[in-house]
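Student: OK, TrEMBL features for this one:
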- 1-24: signal peptide (SIGNAL)
- 48-67: transmembrane segment (TRANSMEM)
- 79-100: transmembrane segment (TRANSMEM)
- 120-141: transmembrane segment (TRANSMEM)
- 260-282: transmembrane segment (TRANSMEM)
- 294-318: transmembrane segment (TRANSMEM)
- 330-349: transmembrane segment (TRANSMEM)
Amino acid sequence: MATKHFLLAIFVLLLSFGPLNVSAVSPQCGKEITQCHNKEEALKMKIIAIAAILVMSMIGVCLPLFSHMVPALQPDKNLFVVVKAFASGVILATGYMHVLPDSFEDLTSECLPERPWRKFPFTTFVAMLSAIVCMMVDSISMSRYKKSFLRATGNGDLRNSTKIESAESADIGHGRERKIEEGINTKEEQLMKHRIVAKVLETGIVVHSVVIGLSMGSSENPCTIRPLIAAICFHQLFEGMGLGGCILQAEFGSKMKVIMMFFFSCTTPFGIVLGIALSNVYEDNSPKSLIVEGLLNACSSGLLNYMALVDLLAAEFMGPKLQSNIKLQVWSYIAVLLGAGGMSVMAIWA
């Protein structure tokens with residue numbers, strides 16, 4: 001439900017963004033008329049894009065969730081770790097190679113006044129704040145969970161429980177019970193961490209997907225839309241695999257899994273539909289659109305970069321499974337480079 005409210009806020013923002021310093025801009029800014037301008041042909045391409053992106057998104061996010069049919073792709077298997085590393089590389093490159101440059105391009109456009117948009121690096125500033133907020137969500141959520149867990153187990157606050165555990169550790173007779181309790185606690189904490197990661201990661205992806213869909217839906221240039229369809233399809237496929245892996249590890253209930261799959265799969269197509277509906281009033285190069293898109297992309301970039309580096313890659317590579325297996329660690333690094341490299345190459349067409 002939080003994702004739903006966040007999307008609604010974005011749409012309201014896009015429609016009602018008004019009090020911005022957009023005076024004294026170039027008269028050439030606005031809807032650009034090119035030699036490839038063809039409204040009817042562009043509409044056909046958009047309909048194809050909606051169907052193709054929806055299918056590829058569903059395939060990508062569903063593949064990890066049906067991994068129980070393939071024993072080698074279970075979360076505790078080595079192949080799953082390598083595939084997840086590849087998908088994490090895709091998400092990392094999405095933030096650095098696709099979202100961040102788009103935000104720079106929007107917020108430094110000649111269509112915006114020099115002050116303040118080209119005098120201050122808003123893109124990196126917003127991305128930095130977004131990453132900090134993401135870390136706050138991680139930290140506060142885990143703290144709240146630990147406190148609720150300790151209350152439920154009757155251990156009081158965290159400091160008291162630490163003292164109790166220290167005293168118990170001296171009692172050999174209770175050693176076995178303490179180890180069992182610690183194992184349960186660690187497992188629950190890890191599960192909570194996976195759930196936070198999955199929800200925050202989807203939020204970052206959804207924000208970027210809305211912007212992509214709006215841009216494509218409002219465009220009337222088939223020459224631009226045609227290569228974007230292939231690039232976005234591959235993008236959604238691999239990004240969906242990364243998100244699907246996080247959802248699988250989070251062990252959500254069936255209802256939550258369906259909701260998260262639905263939002264990921266439908267956000268970009270819905271953005272395209274919204275862009276088509278607003279094509280008469282929404283202009284890619286208008287100052288207001290550039291500011292809104294640029295700020296949203298910067299925010300999304302901060303989320304994706306933090307999640308990819310801290311919660312996905314660092315957590316995996318510093319974990320016991322990879323730290324105890326150098327060969328698997330090397331293969332995982334290769335997978336990360338392949339995923340990031342593939343998405344970087346796609347930046348040529350996207």
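Each Cβ is built from the backbone N, Cα and C atoms, and glycine gets one as well.
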Student: Using a threshold of three or more Cβ pairs below 8 Å, and leaving out pairs closer than 6 in sequence, do the transmembrane segment (330-349) and the transmembrane segment (48-67) count as in contact?
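Tutor: Answer no: the transmembrane segment (48-67) and the transmembrane segment (330-349) share fewer than 3 Cβ pairs below 8 Å.
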Student: Are there residues at least 6 beyond the ends of the transmembrane segment (294-318) whose Cβ is under 8 Å from a Cβ of it, and what are they?
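Tutor: Hits for the transmembrane segment (294-318): 10, 81, 84-85, 88-89, 91-92, 94-96, 99-100, 102-103, 105-107, 122-131, 133-135, 138, 193, 197, 200-201, 203-205, 207-208, 210-211, 242, 246, 329, 332, 336.
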